[in-house]
Amino acid sequence: MLDIKWIREHQEQVQTVAEEKGIALSVPELLRWDDQRRALLQETERLRQERNRLTPQIEALIREQGPEAADALKNEVKQLNRRLNGLEKERDEAEQEYRRLMLLVPNPVSPDTPKGRSDLDNVEVKRVGEPPTFEFTPRDHVALGELHRMIDIPRGVKTAGTRNYYLSGAGVLLHRAVQQLAMDLLAAKGFTLLEVPLMVRAEALVNTGFFPLGADQTYRMAEDDRWLVGTAEVPLVAYYDREIVDLPQPIKLAAASLCFRSEVGSAGRDVHGLYRVHQFSKVEQVVLCENSLELSEQLFQEITQNAEELLQLLELPYRVMAVCTGDMSQKTYKQYDIETWMPSRSAYGETHSSSQLLDFQARRSNIRFKDRDGKLQFCYTLNNTMVASPRILIPLLENHQEEDGSIRIPQALRKYMNGLKRLTPSNLKE
């Protein structure tokens, strides 16, 4: 939630960014509600002061002249109370509407963010590695998974409905191996590893910018104000909710967690295989730092490079994309997506994402630090998807397949795979 004073000073910019991000927000309407709530607050305070002024006069009259002498002032106080009750109701309504609109206000975007309406307008920053060329007809990850008895989508659908799956055998080993490799890399870089709650209160989702606009993507627990997280970003940021943190150095956190998303609005998209599913695992990086654009940019490049390093260890070709305004979320100031080559799609597919959020989340969460002058300031936050599985299994299986259906295990994963260098159908036991 941005500062209302800043919004007033940058009305045109805020309205433009809202339109670019596809958010239905009227800044003039927001400011009208702000004016109204302020006026109602002032009038309420004035009437309370008047009531407070009359109360001792009533008491004095009763003492000096008896109860009847105070009847006129008592009636005046009754009238004031009626007016106050009405004003307080109006003020509560104005506050609710003001807050509803404030929760729609988008973060500004960085000057180097490309303009555009959808992911088709994202701009390639760089490309690393070359897509493989096969001298045979390659299998997709579903066929490879079935061949190796690693992936079972029909049973997943039978048990839990569409966009669900089972992993088994080597599929589980690979699924866990990529996550453990990611966590080990981050631990070596000084990240603090956390095990986080998978269920959070709605407040945590509001404060991190996933509510109200992303509420339809989130599963709610029945008869409870708790929700299943779609990313560990939520509990990682909420860890410092309403706290004053020490920031001699940026705080770097990482967590591996299950994630759940309803995928509302994606009907008919990416229905084949493991690309878009309701339940997955993800290793997330979250960083808190001082409110410095220069430092935030430096850390943004750093967490992006961490994800790139992982992909290089997995020996996968990828590209980094600067996300355009129309493909960017409400809370994001700057975003890079990393897309990995997926032979079955004959295209790059998104596997990682990095975001700068400035103080958007910290303002909502009231996370602050003391600057060099001892003044309290809101922190900046950043996040990155270090790896998400089973989506990463798509390029991992497809890029490293061989003609007989065998799958080569990248060197970096072998210690997590019981030393296996290759998965072949002959590894399977009947």
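Each Cβ is built from the backbone N, Cα and C atoms, and glycine gets one as well.
Automatic prediction, not curation, is the source of TrEMBL annotations.
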Worksheet item: Which one, THR231, THR304, is listed by TrEMBL in the same L-serine site as ARG261, GLU284, ASN383?
Response: THR231
Discussion item. Measuring Cα to Cα, how far is THR231 (L-serine binding site) from THR385 (site 'Important for serine binding') in Å?
Written reply: 9
Fill in: Residues that sit under 8 angstroms from GLU284 (L-serine binding site) by C-beta distance, when 6+ apart in the chain
THR231, ALA232, GLU233, LEU236, ALA254, ALA255, ALA256, SER257, ASN383, ASN384, THR385, MET386
Item to complete: Determine the C-alpha span of the L-serine site listed in the record, that is the greatest distance between any two of THR231, ARG261, GLU284, ASN383, in Å to the nearest whole number.
Response: 18
Worksheet item: What mean pLDDT score does the domain 'Aminoacyl-transfer RNA synthetases class-II family profile' (140-410) have in the model?
Response: 97
Discussion item. Quick check on the recorded positions: of THR231, ASN383, THR385, whose CB has the lowest count of neighbouring CB atoms inside 10 Å?
Written reply: THR231
